[in-house]
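What TrEMBL annotates here:
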DOMAIN    66-178  domain '3-dehydroquinate synthase N-terminal'
BINDING   70-75, 104-108, 128-129, 141, 150  NAD(+) binding site
DOMAIN    180-324  domain '3-dehydroquinate synthase C-terminal'
BINDING   183, 246, 263  Zn(2+) binding site
Ligand SMILES: NC(=O)c1ccc[n+]([C@@H]2O[C@H](COP(=O)([O-])OP(=O)(O)OC[C@H]3O[C@@H](n4cnc5c(N)ncnc54)[C@H](O)[C@@H]3O)[C@@H](O)[C@H]2O)c1
Ligand SMILES: [Zn+2]
């Protein structure tokens, strides 16, 4: 079992990473004797909820659950209201622990519900998608989408623990697995060249769900994220480096309608756009661009945006993204593989050219 700590003073917590954890009867009593409400979706509940409820009940945990429809399009304020309604109907108080059991969508919605229910109750993340295991379950960004922009309603609110069981990945559809790989590749490009090289060498093992490779890779991503989050919880400095590709990607997700393009797919195209800017703006080497594009393609990720989107379509969404300061776009661009920087002085035409090229 691997452990990574997020150091945030009294809000510190541990991420536990292993295979087979949630099937282990000795694991569940660690959730303590408080009341628990599991939040999950229809897909995951049909596969796993019965088994989990049995194990929890054997451990004498008082558990309720709420099952949401599956999909990014339900990541909205109405769904949060539904969770709050369930909590109230079942008379849950401030001692209840919410458990987010699902991918990033369930994690983001549940975390936000936990942040605002009775001014804040505890929550635990049990991420089941690769993307959630390497990224979204860690760091305390919670929230939902607004029709005018992604993640526009939310709060920074840390979980009390994160439990990563790689066995859940066995049922994850291949396209979703690739979406998670986009975030993994992002960590390498933005922060760590030797990890990027490790991904190049071990991608095939990851794609056949080899346990040791998976646990190492997830731990590495969590460690990289932990170091940024511990120093910049509210994303005003270096944590923003994790937004590599995201300003473009969020524009694709919002323009296409949430859920049509997977988050990681949109981020993959966004990374290529950031690379194209870097080639023109900071002389990013073309051999590095080729390595990145090659790796994204090996991971079955797109490198070209939706044909129906024009550069202006991108810009209109990008300007609304949270990364703008006084309407000036702030973008993360790689300087070389493993080193990146936030820039707010990129000429608009250069951004338009990079978008048009993809
Ligand atoms: N909070 C953050 O820091 C952060 C970071 C990155 C992404 N995100 C958010 O995360 C979301 C994307 O997360 P995601 O990619 O996990 O999407 P998701 O939650 O929609 O899950 C993807 C699909 O896989 C299914 N699924 C999940 N685990 C499964 C399993 N083990 N077996 C079978 N099916 C499974 C889900 O039901 C869903 O259909 C986006 O909303 C994005 O904005 C948040
Ligand atoms: Zn992301």
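Cβ atoms here come from the backbone N, Cα and C positions, even for glycine.
Feature annotations (TrEMBL) mapped to structure.
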| residue | record | CB count, 10 Å |
| --- | --- | --- |
| 70 | NAD(+) binding site | 19 |
| 74 | NAD(+) binding site | 19 |
| 104 | NAD(+) binding site | 26 |
| 106 | NAD(+) binding site | 31 |
| 108 | NAD(+) binding site | 24 |
| 129 | NAD(+) binding site | 28 |
| 150 | NAD(+) binding site | 23 |
| 183 | Zn(2+) binding site | 26 |
| 246 | Zn(2+) binding site | 26 |
| 263 | Zn(2+) binding site | 28 |
With the Cβ atom as the reference point and anything under 6 Å counting, tell me which of the binding-site residues (74, 104, 129, 246, 263) are near ligand 1. 104, 129, 263
List the residues in the vicinity of the Zn(2+) site, defined as same-chain residues other than 183, 246, 263 with C-beta within 8 angstroms of the site's C-beta centre. 131, 135, 182, 186, 245, 249, 264, 266, 267, 270
Can you give me the Cα-Cα distance between residue 183 (Zn(2+) binding site) and residue 129 (NAD(+) binding site) in Å, rounded to a whole number? 12
Relative to the Cβ position of residue 72 (NAD(+) binding site), how many further Cβ atoms are located within 10 Å? 20
What binding-site residues in 74, 106, 129, 150 place CB under 6 Å from ligand 2? none
Integer Å value for the Cα distance linking residue 74 (NAD(+) binding site) with residue 263 (Zn(2+) binding site) is 14
State the Cα to Cα distance, in Å, between residue 72 (NAD(+) binding site) and residue 263 (Zn(2+) binding site), rounded to an integer. 9
The rounded CA-CA distance in Å from residue 70 (NAD(+) binding site) to residue 246 (Zn(2+) binding site) is 23
Between residue 246 (Zn(2+) binding site) and residue 106 (NAD(+) binding site): CA-CA distance (Å): 20
For residue 183 (Zn(2+) binding site), the three-state DSSP class is helix
In the domain '3-dehydroquinate synthase N-terminal' (66-178), how many residues does DSSP call helix, how many strand, and how many coil? 50 helix, 34 strand, 29 coil
